[in-house]
Amino acid sequence: MEITHKPHFIRPCTLVWLTLMSLTVTTYAIGEANLGGWAIMLTVLGTAVIKVQMVSSYFMGLRRTRRLWRGIVLGWLLLVAGLITIAYLSTIK
Amino acid sequence: MPPGDLAIWFFIFAELLAFGIFFVAYAFARAHNVELFNESQQHLNIASGAINTLVLITSSYFVVRAVAAIKQNFSRECARWIAAAIGMGGIFLAIKLFELYAKFSAGISLSTNTFYMFYLSLTIFHFMHVILGMVILTAVMLKARSGGYSAKLHTGVETGASYWHMVDMLWIILFPLVYVIH
């Protein structure tokens, strides 16, 4: 059912936008500080996972759809992030 | 059903799969050349990658506002938000071209080393998706401007929006993966 009054998703999306901007600045600061190591790697990759999930749920609006669609994107995200993590951790002696 | 035309979602999933394989291939190639990747990564411009992330995230937000506008039957407002998103896409491309120009001027090419092969092909592949996204958004904007969508019928706006969010999502992973993590 369509709505013609001001959509209720604007406010949460504005908050998500501001959060995404802050998280990006955090990742940038970590990059500029040239920090490395597995804890930093997990933090930065974890931040990216949260950001993608926010875009998918709120901007794309998948949180208002059937679980199947959210599940495909989330499954893709966790698989890719999981394999990247395995590849990185495999280099730590 | 997800927002927009169902066909775009099959396209989006195919794109996610292609980029996903590319991202994982990067990570495993790095695992075999850690020093080379870490050293080459030091020469990337993190600020330009970060600014481009902010630019794409903001353009995605503008597209959200365009969808909200058409749901209220505001065609012109919808077209204006999309135009703003396209403008941000243009800024992304300009920053990226500047970055690529600096790399090519320094004599870097696909054959320089494995890291640069991935860096250039991943970012250029993504660059082309930004261009395609802008073409789709332009078509949607023109139709919105001429009153082609309404509060009841606006699948086209959501289709373009979904594709554009995907382009944003991919950069959100690409930026930390290639520019930051080491």
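For all residues, glycine too, the Cβ spot is worked out from N, Cα and C.
For A:12-31 (among others), the entry in TrEMBL reads transmembrane segment.
What TrEMBL lists as transmembrane segment is A:37-59 (among others).
If you look at the transmembrane segment (A:71-90), the same-chain residues 6 or more away from its ends with a CB under 8 A from one of its CBs are 38, 41-42, 45, 48-49, 52-53, 56, 60, 62. For A:71-90 (among others), the entry in TrEMBL reads transmembrane segment.
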Remote residues contacting the transmembrane segment (A:37-59) - C-beta distance under 8 A, at least 6 residues beyond either end:
9, 12-13, 16, 19-20, 23-24, 26-27, 30, 70, 73-74, 77-78, 81, 84-85, 88-89, 92
